[in-house]
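The structure under discussion appears below in the form of structure tokens.
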Amino acid sequence: MSDSQTTANTSADDPASVMLKVARYEGGPEVFHTLQGEGASVGAPAVFVRLSLCNLHCIWCDTDYTWNWEGTPFVHENDAKAGYQKFRKDDQLIEVDAGSLAREIASYETRRVVITGGEPLLQQEGVVALMDALRAISPEYVFEVETNGTRVPSAEVLERVNQFNVSPKLANSGNKESQRIRSEAFDAFVASGKAWFKFVIAAPEDLDEVRGLVERFGLPVARVMLMPEGRSAEAIDAHRELVIEACLREGFRFADRLHLRLFGAKRAT
């Protein structure tokens with residue numbers, strides 16, 4: 001029997017043994033208890049688990065330690081900062097089995113779990129195993145998955161997730177349109193009835209792009225959120241009026257970044 005067959009059989013027999021690639025923080029997996037800072041459930045207590053790896057490479061990403069490894073060609077705004085270096089992958093990624101990760105999450109009493117990244121839907125088998133392990137501990141768990149909206153969620157993921165926080169990337173992210181806009185994924189999230197769509201806005205042309213996507217994919221306006229671009233409260237405020245005016249005019253929701261206002265740009269908050 002090959003190694004891959006052995007791994008597959010082990011996973012089938014014991015889903016909790018499925019390994020996930022998780023962002024490493026202070027020597028362990030990045031799991032933290034905080035208030036949800038963005039989206040439809042902003043302000044709600046939640047336990048976050050940050051998975052590593054991403055298929056997009058946004059120039060303003062504030063979690064670039066999940067993908068911007070040494071030796072990669074990706075461009076980031078921080079490249080212009082003196083002393084900025086790409087991350088050493090082994091320092092920023094840890095592999096953890098779903099059962100162990102579930103036990104760490106369950107050490108907090110809060111039963112809302114936000115699976116974020118990186119891009120969690122690159123690891124759908126592991127995400128399903130993690131949700132199953134947690135619901136075996138308590139059926140009260142509620143799951144949010146934060147995604148860039150480029151991967152079609154499996155039937156198993158769709159069945160278990162309560163809310164998708166979909167953040168499609170616009171041209172301002174620096175990603176090619178063919179990479180960041182995937183029709184089959186948009187259609188799946190709209191059909192699920194579980195998705196909220198959040199767009200990062202930095203300039204008037206971003207609003208034109210959002211309008212085009214809303215019309216093209218039939219996104220429900222009441223579930224479209226606009227968030228001013230920024231990695232600090234000051235930067236967010238610089239784009240705030242543009243977003244407020246668009247929301248009042250067109251019926252979209254305004255989305256802030258509460259965690260930046262409460263804690264600043266710190267990890268594990």
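Just so it is clear, glycine is given a Cβ too, placed from its N, Cα and C backbone atoms.
Per TrEMBL, the feature substrate binding site maps to Leu35, Gln36, Gly37, Arg50, Thr116. Listed in sequence order, Arg257, Leu258, His259, Leu260, Leu262, Thr269 are the same-chain residues at least 6 apart in sequence whose CB falls under 8 Å from the CB of Gly37 (substrate binding site).
Using a 10 Å radius centred on the Cβ of Cys54 ([4Fe-4S] cluster binding site) and all shown protein chains, the other Cβ atoms total 21. If you look up TrEMBL, you'll see Cys54, Cys58, Cys61 marked as [4Fe-4S] cluster binding site.
Annotation source TrEMBL lists S-adenosyl-L-methionine binding site at Trp60, Cys61, Asp62, Gly118, Ser167, Pro168, Lys169. Annotation note: Trp60 (S-adenosyl-L-methionine binding site) sits in a coil segment as assigned by DSSP. Within 10 Å of the Cβ of Trp60 (S-adenosyl-L-methionine binding site) there are 17 other Cβ atoms, across all protein chains.
Taking a C-beta cut-off of under 8 Å and a sequence gap of six or more, Thr63 (Mg(2+) binding site) has these contacts in its own chain: Ala23, Arg50, Gly117, Gly118. Annotation comment: TrEMBL describes Thr63 as Mg(2+) binding site.
The domain 'Radical SAM core' annotation in TrEMBL covers 41-266.
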Checklist line | Collapsed DSSP category at Gln36 (substrate binding site) | finding: coil
Check: Which entry in the list of binding-site residues, Gly118, Pro168, has its Cβ near the fewest other Cβ atoms, using 10 Å as the limit?
Finding: Pro168
Next item on the list: Sort the binding-site residues Leu35, Gln36, Cys54, Cys58, Cys61 by C-alpha distance from Lys169 (S-adenosyl-L-methionine binding site) and give me just the closest.
Entry: Cys58
